[in-house]
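Student: Copying in the features that TrEMBL gives for the protein in this structure:
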| type | residues | note |
| --- | --- | --- |
| DOMAIN | 461-571 | domain 'PGG' |
| REPEAT | 88-111 | repeat 'ANK' |
| REPEAT | 122-145 | repeat 'ANK' |
| REPEAT | 160-183 | repeat 'ANK' |
| REPEAT | 262-285 | repeat 'ANK' |
| REPEAT | 366-386 | repeat 'ANK' |
| TRANSMEM | 468-491 | transmembrane segment |
| TRANSMEM | 511-533 | transmembrane segment |
| TRANSMEM | 545-570 | transmembrane segment |
| TRANSMEM | 576-604 | transmembrane segment |
Amino acid sequence: MAATKALMGCTGVWKMMMEKTMTDISFMVLPVLNVKGEISPRDIKKSLTMDAHVNLKLFSAARSGNLQVLRPLIEDDEAKVEDAKTPEGNTVLHFAARFGHTSLVNKLIERCPSLVHQSNFKGETPLHVAAKAGRDDVVELLIDKTDTSGLCISWIRDNSGNTPLHGAVRNGHSKVVKAFAKRDPLSLRWLNDAGESPLSIAIDMRFTKLAEAIIDLNKSTLDYRGNDDQTPLHRAVLRQDFDIMTKIITLKEDLVGEQDGRGRTPLHYAAALGHQKMVEVLIDKKPLIAYKGDKKRQIPLHLAAVNGQTRLIEALLEPCPETIESVDMMQQNILHIAAKNGNVGVVSYILKLPEMEDLVNSPDKDGNTPLHLAARNYHSDVVSVLSKNSKVEIRAINRSKRTAIVIVKLADDRGMELQKHLTLKALKSAYKQKAIHFEDATELDYGEVEKDEKPKEDGKKSREMAQIISVMSTLIATFTFSAVFTIPGGFENDGPDKGLAMLISKSTFRAFVISDAVAMTSSITAAVIVFWSSSRRDTESFLDTLPFAIALTWISLIAMALAFVTGLFVVLQRTLWLAILVCVIGCAPPFILYIFSPIFLIVFERVSKSQTSLGNRQNIVEDNPFLFIFRLMKIFVERQSYFLLAYLRRGVRGEVN
């Protein structure tokens with residue numbers, strides 16, 4: 001009994017020691033899962049009895065490529081080498097292949113050939129690992145040493161259906177790709193589970209030289225289609241890779257007219273992306289593709305209109321002017337599409353064309369004219385441009401017997417009170433110019449409907465915005481006012497100039513004073529506008545003045561930033577590098593906000609479901625009525641920045657006092 005207890009105690013101590021040893025080492029032996037994902041008792045017994053110290057030495061030698069250490073371990077017990085795995089399921093050969101130890105790989109293949117076909121938990125063989133790591137010499141050795149002439153091992157797929165070649169291409173290893181192509185040309189034609197060929201991966205990853213090399217190695221790769229039935233030419237256009245596109249067209253010109261799963265040719269995508277050079281090359285090869293519609297009967301010209309590509313529309317209409325009359329499955333022409341998506345530049349361009357008379361009042365499938373669609377989506381700038389045109393019938397009715405102004409009046413503002421107000425204002429202005437009373441625009445009595453559908457809390461969102469502007473403008477006014485009494489350099493204490501600013505003669509100080517004054521007056525004016533408009537219980541006048549308050553708040557924010565920058569520059573100009581660095585840091589946020597304002601609008605504004613997912617940036621820019629605020633900001637930033645940079649340039653030249 002005592003002997004049994006002692007034995008059990010020794011067993012417990014041994015287990016504790018083994019657990020500590022296993023947690024201290026970097027790699028441990030894991031039992032191999034069977035087909036059902038279960039661990040057999042035999043594998044559990046093997047993993048528990050495996051010498052952890054030997055396992056650690058194996059992987060350390062494989063990592064460092066120390067053949068002298070590994071040789072006796074292999075010769076001592078080959079089974080231990082074959083069964084040793086990391087927690088990720090990698091074998092010793094995986095490690096040797098990853099780190100490019102050719103001699104060690106060769107030795108392991110000779111002594112333990114079964115390791116060549118063993119996969120880790122991702123389904124990757126040593127050849128996958130070597131290819132991803134760019135070990136071309138190891139790849140050549142593994143393929144050449146395979147018993148089945150090298151074909152089978154290069155066709156093995158991982159859990160995502162990727163062959164070793166897919167991994168090599170994805171990581172941009174051209175030497176490995178050439179090694180595969182030389183020994184197994186068919187490997188360039190395999191697709192993974194995502195429908196990607198090695199060529200399509202190279203194009204998607206923008207590896208231009210590698211893609212060109214794959215095409216040169218096997219031109220038949222151009223015949224394979226991937227996701228959404230797209231050809232390599234589709235992929236090249238979508239990635240805007242002009243060099244690959246021209247190479248593909250040179251070798252296989254027939255791909256220019258091929259359509260993908262959505263019925264779109266490469267020209268559709270080139271037009272949508274606004275790549276004029278690509279469009280010119282594609283049309284030059286096959287002009288008739290400009291007339292080819294997709295499954296929605298949209299031609300390339302329509303996609304250019306969706307995304308606001310005015311210059312591209314000019315390029316498309318020059319060789320194919322008849323395309324301007326084409327309509328999609330909703331019977332919408334190019335003017336419908338541009339108006340619906342708020343692309344005022346495209347609308348203005350089309351209205352200047354002689355063909356515009358057949359387009360401006362053309363009804364679509366639902367009887368909507370371009371003006372109806374622009375009004376429905378609250379594109380006030382487009383509505384203004386259309387309604388001012390003498391050829392546009394502003395009282396046209398759709399199949400629901402509604403005019404554009406009735407559509408806006410009855411529509412739910414969806415949290416866009418200001419957009420709705422600006423659209424209504426543009427329409428009413430057009431009615432006044434044409435001496436028409438908008439109440440007589442239709443026989444439909446919409447008064448009761450409007451009363452029922454009108455939100456109970458009219459202008460709630462806009463009034464919340466007004467409160468925010470009021471707080472911001474007050475804070476800016478406070479800061480800029482206090483800056484007057486804490487000016488850089490201080491005041492003169494004695495002499496005839498007592499009480500005057502000490503740095504008044506410096507140009508950068510004058511820039512500080514001007515910027516501070518602009519910020520102060522703009523913020524106060526914005527606060528007064530908000531206070532005055534809020535005190536009046538007239539929602540229409542409130543919405544009229546709110547955009548001006550927003551614009552003035554933007555101006556005051558930028559001016560305050562410039563005042564901060566110039567104020568620091570005037571006291572730091574002797575340390576020029578620090579002064580310039582402060583200027584860059586201070587000016588960066590306004591510039592970033594200006595440049596990336598469309599992206600910010602995408603994030604903070606709701607995107608209409610009807611808008612296409614391709615090239616949506618221009619749509620959302622024009623869709624937002626606050627765009628003119630960013631345009632005002634652009635003018636102000638450009639002028640103030642020029643003003644500031646002029647002083648900086650003078651400071652660098654030593655002209656600043």
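Any Cβ shown, glycine's included, is placed from N, Cα and C.
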Student: Who are the chain neighbours of the repeat 'ANK' (262-285) in space, where the CB to CB distance is under 8 Å and they lie at least 6 residues beyond its ends?
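Tutor: Residues 228, 231, 233-234, 236-238, 240, 242, 245-246, 249, 253, 255-256, 292-296, 298-301, 303-304, 306-307, 309, 311-312, 315-316, 319-320, 612, 614-615 contact the repeat 'ANK' (262-285) from elsewhere in the chain.
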Student: May I have the DSSP-based helix, strand and coil counts for the residues of the repeat 'ANK' (122-145)?
Tutor: 18 helix, 0 strand, 6 coil
Student: Residues of the same chain, at least six outside the transmembrane segment (511-533), with any C-beta under 8 angstroms of its C-beta?
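Tutor: Answer is 466, 469-470, 472-474, 476-477, 480-481, 483-484, 487-488, 541-542, 544-546, 548-550, 552-553, 555-557, 559-560, 562-563, 566-567, 570, 640, 643-644, 647.
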Student: Tell me the residue counts in helix, strand and coil for the repeat 'ANK' (262-285), as DSSP assigns them.
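Tutor: Across the repeat 'ANK' (262-285), DSSP assigns the residues as follows: 18 helix, 0 strand, 6 coil.
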